[in-house]
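A short worksheet on the structure shown next.
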């Protein structure tokens with residue numbers, strides 16, 4: 001491909017998670033199982049919330065949106081990865097690669113800000129319950145959700161637009177299991193200063209701002225929980241908060257490891273492992289974490305199953 005610019009690039013080869021033939025089938029079965037759980041969990045959560053009228057509140061609208069984002073986020077990446085496990089040459093065309101990159105960025109960035117919106121919603125509900133229904137009205141909730149998607153679309157458009165101006169004239173093997181920004185830029189033979197600057201600035205905004213919002217929200221939430229007199233109530237609240245924080249730490253920690261570390265010490269092999277957490281593991285865990293201790297979700301699911309049994 002030497003000497004050719006990006007207009008003549010027709011395809012790339014994805015290195016995948018592992019090049020060892022004996023691992024391909026076990027990895028295929030593992031990630032197929034994870035994807036099935038992700039699809040059932042997230043689509044099930046979204047369907048349950050929209051079919052249960054008593055779950056039509058801002059908290060559950062946010063949760064429904066997160067489940068939809070997680071489903072889309074995983075679907076952009078996992079099916080192609082599964083196909084690559086069972087094919088000899090993992091080829092992806094240039095248009096497919098750019099499309100995958102764009103939608104991956106849309107949903108990954110949207111998830112960052114959706115998690116922040118959900119943390120703010122819980123902060124208002126726990127720390128300012130009297131003002132909650134005024135500040136987090138249905139209109140405000142839908143505006144926040146719309147804003148989350150707009151940020152995702154705008155940031156993804158900027159990144160992908162800048163990627164179209166990059167000239168690819170090196171070895172066409174992408175050392176990753178999907179088309180991501182940093183692995184693609186490793187193949188460039190033109191200046192990528194603007195792209196790297198964008199990754200640093202936009203990445204800092206999309207990772208650090210939501211992270212700080214979530215951190216501040218949970219500091220105030222924990223402070224409020226400490227004032228709960230009931231030991232049982234305090235223990236239950238801490239248990240719920242800790243499970244939510246675990247999902248947040250895994251998502252933002254792995255994303256920060258991939259995008260915010262200096263490029264001189266960046267390792268694509270380590271990056272592939274960290275990417276698995278925020279692209280595949282977290283979308284599977286979120287519906288389990290956010291619904292496992294939720295009585296309203298349990299009641300709605302029980303009612304829906306009873307209705308289906310009667311029918």
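Including glycine, each Cβ sits where the backbone N, Cα and C put it.
Feature annotations, reproduced from Swiss-Prot:
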type     : residues : note
DISULFID : 97-189   : disulfide bond
CARBOHYD : 5        : N-linked glycosylation site
CARBOHYD : 6        : N-linked glycosylation site
TOPO_DOM : 1-25     : topological domain 'Extracellular'
TOPO_DOM : 47-54    : topological domain 'Cytoplasmic'
TOPO_DOM : 76-99    : topological domain 'Extracellular'
TOPO_DOM : 121-139  : topological domain 'Cytoplasmic'
TOPO_DOM : 161-197  : topological domain 'Extracellular'
TOPO_DOM : 218-237  : topological domain 'Cytoplasmic'
TOPO_DOM : 259-271  : topological domain 'Extracellular'
TOPO_DOM : 293-311  : topological domain 'Cytoplasmic'
TRANSMEM : 26-46    : transmembrane segment
TRANSMEM : 55-75    : transmembrane segment
TRANSMEM : 100-120  : transmembrane segment
TRANSMEM : 140-160  : transmembrane segment
TRANSMEM : 198-217  : transmembrane segment
TRANSMEM : 238-258  : transmembrane segment
TRANSMEM : 272-292  : transmembrane segment
Stretch of maximal Cβ-Cβ contact with the transmembrane segment (140-160) [cut-off: under 8 Å; candidates 100-120, 238-258, 272-292]: 100-120
Give, as a single whole number between 0 and 100, the mean pLDDT over the topological domain 'Cytoplasmic' (121-139). 90
Run through the Cβ atoms and count how many others sit within 10 Å of the one on residue 189 (disulfide bond). 15
At a C-beta cut-off of under 8 Å, are there same-chain residues at least 6 beyond the topological domain 'Extracellular' (76-99) that contact it? List them, or none. 6, 9-17, 24-25, 27-28, 31-32, 34-35, 38, 107, 160, 163-164, 174, 177-179, 184, 279-280
Long-range environment of the topological domain 'Cytoplasmic' (121-139) - Cβ separation under 8 angstroms, sequence gap at least 6: 58-59, 61-62, 217-218, 220-221, 224-225, 244
Quick one: DSSP breakdown of the topological domain 'Cytoplasmic' (121-139) into helix, strand and coil? 16 helix, 0 strand, 3 coil
Per the Cβ filter (under 8 Å) with a sequence gap of at least 6 from its ends, the transmembrane segment (55-75) is approached by 35, 38-39, 41-43, 45-46, 48-49, 103-104, 107-108, 110-111, 114-115, 117-118, 121-122, 125, 136-138, 140-142, 144-145, 148, 279-280, 282-284, 286-287, 290-291, 296-297, 300
Does the transmembrane segment (26-46) make contact with the transmembrane segment (238-258) through 3 or more Cβ pairs under 8 Å, each pair 6 or more apart in sequence? no
Sequence-distant contacts of the transmembrane segment (272-292), meaning Cβ under 8 Å and at least 6 residues beyond its ends, amount to 17, 31, 34-35, 37-38, 41-42, 44-45, 63, 66-67, 70-71, 73-74, 77-78, 104, 108, 175-178, 180, 243-244, 246-247, 250-251, 253-255, 257-258, 298
Who are the long-range neighbours of the topological domain 'Cytoplasmic' (47-54) in its own chain, taking Cβ under 8 Å and residues 6 or more past its ends? 60-61, 63-64, 67, 296-297, 300-301, 303-304
